[in-house]
């Protein structure tokens, strides 16, 4: 019988141990304690980050929002009907990211960046974090370039600049979305990329908006992010941040982008729902204490960044170009109450507001912009020269007209000067009316404002102002196309352009009918 050598045995065992392939991995796992209303409580998870993605069986993901002593409260992203008590949940070590890039232009995606338009996968896109810190003070640049909305009343009186946050506020069904969509349509040839975020809207409404963008040739330049009314509160809360990340892709690479949040009232309601289900203490109107921070950290990401920021971000690939992300948040008020919690918050965060009024809308003044309450805190710095020069008296005329109209109801005999002011105000009010999906070019707008400013409307009947304006613009585009093209390209105002406009209008009034 062969004798076993102890040293041999130890060598064999040692060799086996050295060759053993140990492929075990450390996993941070916990157990689902409860599932209800899209909120999951998990016990046993350690080292979880706030906002970290948590993976559940069946490819379902959640996001950690409440980090308590003995449990984690997470919100489910999507359907949660497959989850049950006792299931395992594991940390991923990642925060939520969405696809970004030019491949998304012309597409409709959900809040997580998944395409929902039936046009196939997005292709080779990169991803970026949904929650990002806004650029610091040093990296910002002052706003001095315009974003043309195509609306006379906005571009003349409440100008919006690249990198500005301009709130559109008003009651339901008075043209807030229409104004934002027209602003997007007007960017199709301006080189500004657009992102439209629909929060809590009906799917039929969103489908109609997408169709209108396509009909007007603006969809190819736009990303549509949808978290419809039928989707979970978590997705409605995340959609604006996802859209903002998609817009920042362009800003950080020296491009200009415009983002519309339609609307932030519904995002605040969704966040309130999540917070109450997570048992956070309610505050005013049952909103949580951090609802201001919800909107401020989103809207602060809209900015104009300097050449140095773009150069540093792109590692020198893009030089000498500033980038901007302009935000048009929409807030819906109840019976014109702008002093409610969410409206006052957003008014204080933004750089001005366009206030739409129900009474004006119902009396046929559309867009129903109340020039007295609306303001742009960037102002003339972001206006083209010709519009800035010609729009000075428009706001004053409208403000004086409103004041005098109220006074004139009680006074029977008015002096000549007051009567002239009233008549001029009526004509300017009529001139500010504009059809939907018909944004105007700088030259068309300048022509209308010039006619009002220089008194060419005095002898035109109020009821015929609209047809006069249409005929005048058609006449100039036909007979003075060179002058109109010059205004559109440069936007300057000098004696030559002044003389050309004056002579053209005088000729039109002498030879044409309207």
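Every residue, even glycine, has its Cβ placed from backbone N, Cα and C.
Feature annotations, reproduced from Swiss-Prot:
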- 170, 171, 172, 173, 174, 175, 176, 177: ATP binding site (BINDING)
- 374: site 'Required for activity' (SITE)
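Structural mapping of features recorded in Swiss-Prot.
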residue: 170; record: ATP binding site; Cβ contacts under 8 Å, 6 or more apart: 176, 332, 333, 336, 355, 356, 357, 358, 368
residue: 171; record: ATP binding site; Cβ contacts under 8 Å, 6 or more apart: 332, 333, 334, 335, 336, 356, 358
residue: 172; record: ATP binding site; Cβ contacts under 8 Å, 6 or more apart: 332
residue: 173; record: ATP binding site; Cβ contacts under 8 Å, 6 or more apart: none
residue: 174; record: ATP binding site; Cβ contacts under 8 Å, 6 or more apart: 356, 357, 358, 361, 368
residue: 175; record: ATP binding site; Cβ contacts under 8 Å, 6 or more apart: 356, 361, 366, 367, 368, 436
residue: 177; record: ATP binding site; Cβ contacts under 8 Å, 6 or more apart: 209, 262, 330
residue: 374; record: site 'Required for activity'; Cβ contacts under 8 Å, 6 or more apart: 157, 158, 352, 353, 354, 355
Key: Local backbone state of residue 173 (ATP binding site), from DSSP in three classes   = coil
